[in-house]
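Visitor: Here it is, the structure, as structure tokens.
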Amino acid sequence: MTIQNKAKWLRFLILILGGGTIYKLANLKDAFYVPMQEFMGLSHTEIGVLLSANAIIATALFVVGGMLADRFDTRKLIPVGLLGTGCLGLYLSTFPPFSNLLIVFSLLAVCADCIFWPSLLKAIRNLGDDQEQGRLFGLLEGGRGVIDTLVAFSALGVFIAMGSGEAGLKSAILFYSVIDILAGTLTWILLKSGTTQSTVKAKNGLSNLLEAVKVPGIWLVSLNVFMVYIVYCGLTYFIPYLKEMYGLPVALVGAYGIINQYFLKILGGPAGGFIADKQFKSTSRYLKWAFLALLPLMGVIMLIPKSPGFIYAGMAATLSFALIVFSMRGVFWAPMGEVGIPQHITGSAFGIGCLIGYAPGMFAYVIYGSILDHFPGQQGYNYVFSLMSVLAILGFLVSSVLYQTVRRKSTVSGTVGAAQA
């Protein structure tokens, strides 16, 4: 391995460290959904409102974040986002009133989704050529899964060690906060000592944004991300589903939540990247068929009897569904290379993509949560899971259009052989 390659993969590992820690606080519900209800006094709808507030601010600022990533040094923006997130977590551990929680979750979006995320995506894309994008983004998702799982299980251990009560939840939040601050400090030191970025400095953020808006492929990729993400949002409700339908203990619900939301990234992200690049020869083609594969699995989930004797069958089915979704998340940004996005507008392109693609976070959790609050028990979950199935069908249609667009571009350019659907 050359010195240049070693430096490339060192930067990649540093970026994974930040990407695997920054969202722990905003996604506290992944491992601590039930404790948030019990010790912070939050309902399904209130948790959904917090997540939606976070997503609304994030969505409003994604384009700004993309402009910042094109205009300023991403090696500085990335650690600033991490440090800000950690400081907000220190206050979150005091269990402030709901009105203040709304402010905290909104500011978490500023740090993570405006300052950090577009800069991370740009930095990852700049590490390799178009033929490497599926693998790079897949490995990013898998690497984040490793960090996610280690940090989340450690936080769960802190929660259990402190009695699995209110003190345990506060301690877990403090743990997440300290990890973010440490990660921010490390990335500040290590990224600044790396080689200078080779990308061309933007003339100004607005000109790049206007250029990016005119690229049709950006809008198709963004809509495809939207469809993956709105199905992904539904994975959260597998957690209370197992507790309410199968009687899974709270501590095990937390462990399942970590596996469902984090550990599967380790498997799904890299698997999706390598399968898309090596077997399907196109990430857009892989996404098309992955959407279709979700439908029979959801049918199995809904048909499994709801009794303690079938708990392992329920866990296996929901985790299999989630694994496919995470394989899709691992590569859903890779088509940016397939549709021919110029390098110098990468930040703005990802800003637009995040604006549209992550928009479901503004409303999906509120919709899913409201359904469960208005239709308690199995009926509510049947409605949520049926809705997710319909959305998967729409995702299949969107991915099909994206894949046909990529095929036409490949045929015209003559650079890539068209794969058969």
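Just so it is clear, glycine is given a Cβ too, placed from its N, Cα and C backbone atoms.
Not measured: the values here are computed from a predicted model.
Found this in TrEMBL, in case it helps:
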{"type": "DOMAIN", "residues": "1-407", "note": "domain 'Major facilitator superfamily (MFS) profile'"}
{"type": "TRANSMEM", "residues": "9-27", "note": "transmembrane segment"}
{"type": "TRANSMEM", "residues": "47-65", "note": "transmembrane segment"}
{"type": "TRANSMEM", "residues": "77-95", "note": "transmembrane segment"}
{"type": "TRANSMEM", "residues": "101-124", "note": "transmembrane segment"}
{"type": "TRANSMEM", "residues": "145-165", "note": "transmembrane segment"}
{"type": "TRANSMEM", "residues": "171-191", "note": "transmembrane segment"}
{"type": "TRANSMEM", "residues": "212-239", "note": "transmembrane segment"}
{"type": "TRANSMEM", "residues": "285-304", "note": "transmembrane segment"}
{"type": "TRANSMEM", "residues": "310-332", "note": "transmembrane segment"}
{"type": "TRANSMEM", "residues": "344-368", "note": "transmembrane segment"}
{"type": "TRANSMEM", "residues": "380-403", "note": "transmembrane segment"}
Visitor: What parts of the chain pack near the transmembrane segment (171-191), using Cβ distances under 8 Å and only residues at least 6 beyond its ends?
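Guide: Result: 10-11, 14-15, 17-18, 21-22, 24-25, 28, 31-32, 75-76, 78-83, 85-90, 92-93, 151, 154-156, 158-159, 161-162.
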Visitor: Taking residues 6+ outside the transmembrane segment (145-165), which of them lie with a CB under 8 Å of any CB in it?
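Guide: Same-chain contacts beyond the ends: 16-17, 19-21, 24, 30-32, 35, 39, 171-172, 175-176, 179, 250-251, 254-255, 258-259, 261-269, 326.
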Visitor: Can you tell me which of 47-65, 77-95, 212-239, 310-332, 380-403 gets the most C-beta pairs within less than 8 Å of the transmembrane segment (9-27)?
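Guide: Per the Cβ under 8 Å count, 77-95.
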Visitor: Please give the sequence-distant neighbours of the transmembrane segment (344-368): residues at least 6 beyond its ends with Cβ less than 8 Å from one of its Cβ atoms.
Guide: 45, 47-49, 51-52, 54-56, 58-59, 62-71, 113, 117-119, 121-122, 125-126, 199-200, 202, 205, 208-209, 211-213, 215, 218-219, 221-226, 228-230, 233-234, 236-237, 332-333, 336, 384, 387
Visitor: Taking 3+ C-beta pairs under 8 angstroms (sequence gap of 6 or more) as contact, is the transmembrane segment (101-124) in contact with the transmembrane segment (77-95)?
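Guide: Stretch pair touches.
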Visitor: Give, as a single whole number between 0 and 100, the mean pLDDT over the domain 'Major facilitator superfamily (MFS) profile' (1-407).
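Guide: Residues in the domain 'Major facilitator superfamily (MFS) profile' (1-407) carry a mean pLDDT of 86 in this prediction.
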